[in-house]
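J.: Quick one: this structure, given as structure tokens, is what I'll be asking you about.
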Amino acid sequence: MTILPISAFSDNYIWTFIDKIAGVLDCVDPGESAPIIRFAQSNQLTLRTILLTHHHYDHIGGVDSLIKQWPSCKVYGPIDERISNLTHPIKQGQSVQVGSLHFHILFNPGHTSTHISYYEPQQGWLFCGDTLFSAGCGRVFDGTIEELHESLLLFKKLPRNTKIFCAHEYTLQNLKFAHTVEPCNSSVINYMQQILKQPSPCTLPSNIDLELSINPFLRTDKEQVKQYALSHGANSSDSLDVFEVLRNQKNSFK
């Protein structure tokens, strides 16, 4: 089985698992249907499973058309009235079998109130939707900043070699903000230079080890990150206070 990012909209990735021997593919958060249909038809594949992380349209917008094309397709996602056509509503603590892959469901509210991620421990894969980005994290919509903070603390506990399959290509812009927070962080500087030199615009998947060195939202315990937050209105150097200031500053960062 191989993993391929199929581009959608301006910066979305629809992560796709391809099993050519079985003649099937599975995908995560298909915000658009056309790219998946084109790929499947050109490779003579049948869509078997859709995994959804949350209700935002750029993650679920293609589902209706895809299940019309493949009526037997299974659709997994969080229990949320804003998501229709789920064949398998799932909760935290449940698991999902997709071919040979066995995903653990992680409840990661914050970006939204019902956001989930799919973690495959044997492969070391994390499909985290909009909760964690490379060098960044999602905005808070109908979740809370406290929930988002806890969700990222959970990710910090995963094995360092865990690959992170984010849903958007935001890495370069996130690194610019990370450099503002930690201008002396050589890991941020070096990674930004590496990305600017590489021929492909795709910077994903990332991994936990890299993110712990470049992502300010995972580095709220670092002195320079604390000082940045305190200088921008943090009430204290506690992790949550630092995290909240970082998120607020990133919201308006150009």
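Just so you know, the numbers here start at 1 and follow the chain as drawn.
Keep in mind that glycine also has a Cβ here, set from the backbone N, Cα and C atoms.
Residues or ranges marked as Zn(2+) 1 binding site by Swiss-Prot on the basis of sequence analysis: His54, His56, His111, Asp130. Residues annotated as Zn(2+) 2 binding site in Swiss-Prot, with sequence analysis given as evidence: Asp58, His59, Asp130, His168.
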J.: Restricting to the chain of Asp58 (Zn(2+) 2 binding site) and a gap of 6 or more, list residues whose Cβ falls under 8 Å of its Cβ, or answer none.
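T.: Counting only residues 6 or more apart in sequence, the Cβ neighbours of Asp58 (Zn(2+) 2 binding site) under 8 Å are Ala8, Phe9, Asn12, Gly31.
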J.: Using an 8 Å cut-off from the Cβ centroid of His54, His56, His111, Asp130, can you name the remaining same-chain residues around the Zn(2+) 1 site, in sequence order?
T.: Thr53, His55, His59, Thr112, His115, Gly129, Thr131, Gly138, Phe141, Ala167
J.: Give the number of CB atoms, excluding that of His59 (Zn(2+) 2 binding site) itself, located within 10 Å of its CB.
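T.: Here the count is 25.
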J.: Tell me the coarse DSSP state (helix, strand, coil) of His111 (Zn(2+) 1 binding site).
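T.: Once the DSSP labels are grouped into three classes, His111 (Zn(2+) 1 binding site) ends up as coil.
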J.: What number of additional C-beta atoms lies within 10 angstroms of the C-beta atom of His54 (Zn(2+) 1 binding site)?
T.: 29
J.: Using CB atoms and a 10 A radius, I'd like the single residue among the binding-site residues His56, His111, His168 with the highest neighbour count.
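T.: Per the Cβ count, the most surrounded site is His111.
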J.: Using the Cβ center of Asp58, His59, Asp130, His168 as the Zn(2+) 2 site position, which other residues in that chain lie within 8 Å, going by their Cβ?
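T.: Everything else in range on the chain: Asn12, Asp29, Gly31, His54, His56, Gly129, Ala167.
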J.: Taking the Cβ of Asp130 (Zn(2+) 1 binding site) as the reference point, list residues of the same chain whose Cβ is under 8 angstroms away and which are at least six residues distant in sequence.
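T.: In sequence order, Thr53, His54, His56, His59, His111, Thr112, His115, Gly138, Cys166, Ala167, His168 meet the Cβ cut-off.
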J.: For His168 (Zn(2+) 2 binding site), name the DSSP secondary structure in the helix/strand/coil scheme.
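T.: In the DSSP reduction, His168 (Zn(2+) 2 binding site) maps to strand.
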